[in-house]
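> After the structure tokens below, expect a handful of questions from me.
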Ligand SMILES: NC(=O)C1=CN([C@@H]2O[C@H](COP(=O)(O)OP(=O)(O)OC[C@H]3O[C@@H](n4cnc5c(N)ncnc54)[C@H](O)[C@@H]3O)[C@@H](O)[C@H]2O)C=CC1
Ligand SMILES: O=C([O-])CC(=O)C(=O)O
């Protein structure tokens, strides 16, 4: 039996966590042979609700759960954690953009970055889900100077999966037939879902769909999918967000399949001319618990323009929270 891994989940009484926790506990994220200790963080008024969630986790009798803790103090919840899923934050409602949440949510991530810096495992892998995810990840990372910046990531895997689903439906294929999708940039309406490298059953996707569909239907549909869910459901995506968080961490820890890649928002190292340090979504492959940006892709003028627009938005978000960036 492997030693348990410690997984912190913030916002553990919220909507996303209500689906995410059960997937983590059942072994979908770290493997069916990997015991987990769940370290759950909530704000004080939500601790009663959290107790109910823990009662349900207990009632599932998951073989891989080696312990569960609850706390309203980040320094307790993050103690020695190997993986930190930073979900807890206010979600947007109808008519809002994700960056409208910056004011409400940014402070959470400076406090949590500091706590991770002080008490988490030195190799902790951090995934920020709470919006605006990229800039919140930047805040957490900059407040954790003793940890490797590369260990702070934000979630664009939901956008990646949405793009797979849209392209698969259009080409009458299954999502597993689609390879080499890319989401560039911010988890926002400026993100650039790029099919220029994608294949469907081994054929170039760009040759299978009309350019007009790609530009006027596919791109805006993926960019606006979060808003469409809010309109339809009256609440922001929860189960699909939880599922994508599982995918993100699983692939980071256990590796990406040969011949394909995934999208992760990570600190830019300057690849593709993107400003160093911004938390920007790139195509990456993962192996041995590390990710690497896919290099050498051709970037045409259409792509370059869109990659720059979303980069510029990330610069503006960063400048808007300068007071939280040590
Ligand atoms: N990156 C992505 O692809 C996606 C991100 N999101 C974002 O995820 C976040 C959570 O969404 P939901 O679970 O639907 O919201 P929710 O409102 O149902 O749950 C959020 C939970 O976080 C808790 N919380 C608030 N401040 C906290 C703090 N300082 N420490 C610990 N917990 C705290 C709240 O008490 C609440 O229980 C939102 O910001 C939402 O916009 C949602 C979908 C996709
Ligand atoms: O749209 C939202 O506010 C929630 C979210 O991030 C998504 O569904 O992509």
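Each residue, glycine too, has its Cβ placed from N, Cα and C.
Annotation source TrEMBL lists active site, proton acceptor at 187. Under the heading NAD(+) binding site, TrEMBL lists 11, 12, 13, 14, 15, 16, 17, 105, 112, 129, 130, 131. For 92, 98, 131, 162, the entry in TrEMBL reads substrate binding site. The domain 'Lactate/malate dehydrogenase N-terminal' feature in TrEMBL is assigned to 5-146. Feature annotation from TrEMBL assigns domain 'Lactate/malate dehydrogenase C-terminal' to 156-321.
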> Report the nearest neighbour of residue 15 (NAD(+) binding site) in space among the recorded positions 131, 162, 187, comparing Cα positions.
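Nearest listed residue in space: 131.
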> How big is the gap, in Å, between the Cα of residue 13 (NAD(+) binding site) and that of residue 131 (substrate binding site), rounded to a whole number?
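The Cα atom of residue 13 (NAD(+) binding site) is 17 Å away from the Cα atom of residue 131 (substrate binding site).
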> When you put residue 187 (active site, proton acceptor) at the centre and draw a 10 Å sphere around its Cα, which of the binding-site residues 11, 17, 92, 131 have their Cα inside it?
131
> Relative to the Cβ position of residue 13 (NAD(+) binding site), how many further Cβ atoms are located within 10 Å?
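A 10 Å sphere around the Cβ of residue 13 (NAD(+) binding site) contains 23 other Cβ atoms.
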> Rounded to whole angstrom, what's the largest C-alpha distance between any two of 11, 12, 13, 14, 15, 16, 17, 105, 112, 129, 130, 131, listed as binding NAD(+)?
20
> Return the members of 13, 17, 130, 131 (the binding-site residues) with CB less than 6 angstroms from at least one atom of ligand 2, or none.
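The ones that qualify, in sequence order, are 131.
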> Are any of the binding-site residues 15, 131, 162 near ligand 1, with a Cβ under 6 Å from it, and if so which?
15, 131
> Kindly report the helix/strand/coil residue split of the domain 'Lactate/malate dehydrogenase N-terminal' (5-146) according to DSSP, in that order.
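Looking at the domain 'Lactate/malate dehydrogenase N-terminal' (5-146) with DSSP, the answer is 64 helix, 27 strand, 51 coil.
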> 10 Å Cβ neighbour count around residue 11 (NAD(+) binding site)?
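Result for residue 11 (NAD(+) binding site): 26 other Cβ atoms within 10 Å.
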> Within a 10 Å radius around the Cβ, which one of these recorded positions has the most neighbouring Cβ atoms: 92, 98, 162, 187?
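Per the Cβ count within 10 Å, the most buried is 187.
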> For a quick check of understanding: given the listed substrate-binding residues 92, 98, 131, 162, what is the maximum Cα-Cα distance in angstrom, as an integer?
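Across 92, 98, 131, 162, the widest Cα separation comes out at 19 Å.
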> Report the mean pLDDT of the predicted model across the domain 'Lactate/malate dehydrogenase N-terminal' (5-146), rounded to a whole number.
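Mean model confidence (pLDDT) across the domain 'Lactate/malate dehydrogenase N-terminal' (5-146) is 97.
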> Based on DSSP, name the secondary structure state of the residue listed as 'active site, proton acceptor': helix, strand or coil.
coil
> Whole-number Å distance between the CA of residue 11 (NAD(+) binding site) and the CA of residue 131 (substrate binding site)?
12
